[in-house]
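**Student:** Can you read through this structure? Questions will come right after.
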Amino acid sequence: MYLIGEALVGDGAELAHIDLIMGNKEGAVGQAFANSISQLSKGHTPLLAVVRPNLPTKPSTLIIPKVTLKKEYQVNQMFGPVQAAVAKAVADSIEEGVFEGVDIEDTVIMASVFVHPTAQDYNKIYRFNYGAMKLALRRALDRFPDVETLLHEKDRAAHAVMGFKVQRLWDPPYLQVAMDLVDRNHMNRVLDELPQNDHLIIEAGTPLIKKFGLSIISEIRERRPNAFIVADLKTLDTGNLEARMTADAGADAVVISGLAPISTIEKAIEDTRKTGIYTVIDMLNVKDPVAVVKQLKVKPDVVELHRGIDVEDTAYAWGDIPAIKKAGGERLLVATAGGIRQGVVKDARKAGADILVVGRAITASKNIQHAAEEFLEELSTEEIDQFRIMTDF
């Protein structure tokens, strides 16, 4: 047996985080248990979990401090409320039947425990660590999470300590606001007035990047830390280099021109895979987007069907979106761009578009928030998990 459990409970300085492994005494966990208790480390000395002095819990449990214990008060916290909480959680779990079918005498547990150096409240330290230990134990024995739960939750997740959410494009449709601007004050106004919405993407347009460079991404990120940000470089050469530059700047996606050589596009895609950002292929002036996608050995994340600003008086034509999706695979998203107005939103959606790219209809509006909200309403989107009350799950 080799089981792994994890849990985070509480908030503030007393927040508790438990990582544990559980296994047989004769196995890898038992060996690690013996090594830890016999090979002490300064500031991280492991201690047996005891309900009170002279009453260790079963299964035998070793507590390992994650944070270096430098001060006397930290040692007192670890040998006081933390030790009692972990031991009581294990003992109560036996009483509650959590260990049903487990040989208690042949099992050992190692629990790595986090206590922040500024934690003070003994009551909270005890209660949070008690809850975290019980939850981590149950999760380990339940083999939590299963793969289905992991895949369902991974893009909904916001790390409690990190403080911001990294957006991914898993729940179309989306509204992408293209900031084809050359004025920083105008950009800031747009960023401040756009609504906070899970289905809104922010694009640093080509003119904006040409005027201020990729460093403008950091300014956008400062104002909209949770946004999905696209850098519209329209790359024609050095695809891997410009993809890496975009990732380093903090953007979530880079736009490569569909007119670029196939090798350039493929190198860009390969580098975005390495850095964890999206590749958008802009098909502006590309006669046969389907053929381009078919030629690619590695497929992009998004294909953008794009009419240029200079030809926006021509009729709307989205091309064969189903054929593009077939060529690009089931995960491919298709965006439509160029003079998008509210009156064509539903037509674009019916044609199969996942992302609608809107520029001046929003950025040049006197009421930017209202204009964006009207487009979002046309898309009939709902905030992700808006009505979900989150605890741990």
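Note that Cβ sites are derived from N, Cα and C of the backbone, with glycine treated the same way.
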**Student:** From GLN31, GLN39, GLN77, GLN83, grab the residue that Swiss-Prot records in the same substrate site as ASP19, LEU48, LYS66, THR68.
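**Tutor:** Only hit among GLN31, GLN39, GLN77, GLN83 in Swiss-Prot's substrate site, alongside ASP19, LEU48, LYS66, THR68: GLN83.
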**Student:** By a 10 A CB contact count over all chains shown, which of the binding-site residues listed here is most packed: THR68, GLN83?
**Tutor:** GLN83
**Student:** Judged by the number of other CB atoms within 10 angstroms, which among HIS17, LYS66 is the least packed of the recorded positions?
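**Tutor:** Counting other Cβ atoms within 10 Å of each of the recorded positions HIS17, LYS66, the minimum falls on LYS66.
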**Student:** Going by DSSP, is LEU48 (substrate binding site) sitting in a helix, a strand, or coil?
**Tutor:** strand
**Student:** In whole Å, could you give the widest CA to CA gap in the substrate site formed by ASP19, LEU48, LYS66, THR68, GLN83?
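**Tutor:** Among the residues the record ties to substrate, max Cα distance equals 17 Å.
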**Student:** Including all protein chains shown, what's the count of other C-beta atoms within 10 A of the C-beta of ASP19 (substrate binding site)?
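**Tutor:** Its Cβ has 18 other Cβ atoms within 10 Å.
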